[in-house]
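Novice: As annotated in TrEMBL:
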TRANSMEM  7-33  transmembrane segment
DOMAIN    10-298  domain 'ABC transmembrane type-1'
TRANSMEM  53-80  transmembrane segment
TRANSMEM  127-145  transmembrane segment
TRANSMEM  151-172  transmembrane segment
TRANSMEM  239-259  transmembrane segment
TRANSMEM  265-283  transmembrane segment
DOMAIN    329-564  domain 'ABC transporter'
């Protein structure tokens, strides 16, 4: 926090002084009552007016001190919150891209935004009360024992009972609930963000009920969690509240007994009146301690989640990155397991793609094809073995340089809600309009641009401007062509395209991959028959490899995949003919 690091201790001190100043008016009121009982009239003693002025002055001082405490704590809390957000964003930038595959944008926003906000709230509001919460009961206890130790004992008994009840409520089960509560809240917020973002797609494809199901499930889980916790706390909390706010029920019977025992009813009643004035302050501070403990649990859980984000293994950057002079790709005994998984997603994989060659990955879904492809641009770090580009370990290449060398085209396209021109120029921000137009033509996007009212300056998602999946894919290909990277990674780029768009995408891919080193994941086997090498991936391992002709000759896994693919194509064509 720099120069502001003294503000939090200062806030706690000012809050404590405010609490003490706030107690004095009660004592001064008691002194005024005593003076009136002893002298009968205000004019008979100048002390009454003095006490009244002091009481008013202490009340004002308490307000001013507490205002200063909150100002100090808020200044410090804003700085801490700002630092937490900045540090979290610095860590986000250094995360492997695979981190964003397993963490939705809603969840990341919740971790950074909401947890930083919870921390701010604790520092700004609860922390200043920390010193006062413990100091006020201590001072009040000393006062009541000084004035009447017997009535003081009557006050201590309910405090002890209340503390035992609070200890029961704040046990390990309560702490576990706080963790579960924060998790369910995070899941609900995440699904809410994803649901709202997907509403246009949901309406277009009439998937309202299905898409709402996950969001509804998260809401019901949160509802179940909160209701369960409320029921768990219902009786202990009621007992705690009655005890803390019921000091008078402990004091009144004892005061009556003392009057009968001592006969000095005036002194006992005067002390009883003081206790009636002081005990609400006493009970209020004890109630605050419970809420403070709850806020501390929330803040602790929030900071823990932020710390987990900060501690997440990020991309390592070597001190002296190596320049890449040629663009072959090599896997040397590479294995990889996803965070928290026991099974290897990639298991002892080795292969080489010479510069300018194309290698295709095929196999069943979940076999590890996408994982292998994403190890090249360091979406994830290989847990064993080496991934090399031009003979250099990708770990020894500066991340920003590695990104320059590789273009990605995935089946799930991503277009920003800005103009098509800006979307395409993400591939090369310094490109000229002539280069952009050339990329548009090579990606078969001209007819898309021509039908839009503002051409390349048309903004996606505004005024009813939406593109189909195949059209979006071609815009992404234009972006990749404009980037002109020497390595291309394709992840089932035509998987969800209709026949017309697939033909255009295939033409664009030919332009994109000319003379490039290509690693592609194939969904339609007809698109890889000309590949220099085909790797059949099964359960994270290379089951077969070779050219299309070689693999058919082996009559192994690829042979059966090809036959099944051919049958599906014939079945689809036959169905369309019969429908015509």
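Glycine residues also receive a Cβ, built from the backbone N, Cα and C atoms like all the rest.
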Novice: What average pLDDT does the predicted model assign to the domain 'ABC transporter' (329-564)?
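Specialist: PLDDT averaged over the stretch: 86.
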Novice: Are there residues at least 6 beyond the ends of the transmembrane segment (265-283) whose Cβ is under 8 Å from a Cβ of it, and what are they?
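Specialist: 22-23, 26-27, 29-30, 33-34, 37, 136-137, 140-141, 143-144, 147-148, 151, 155, 159, 244-245, 247-248, 251-252, 255, 258-259.
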Novice: Taking a Cβ cut-off under 8 Å, which residues six or more beyond the ends of the transmembrane segment (127-145) line up next to it in the same chain?
Specialist: 8, 11-16, 18-20, 23, 27, 66, 69-70, 72-73, 151-152, 155-156, 159, 274-275, 278-279, 281-282, 285-286, 288-289, 292
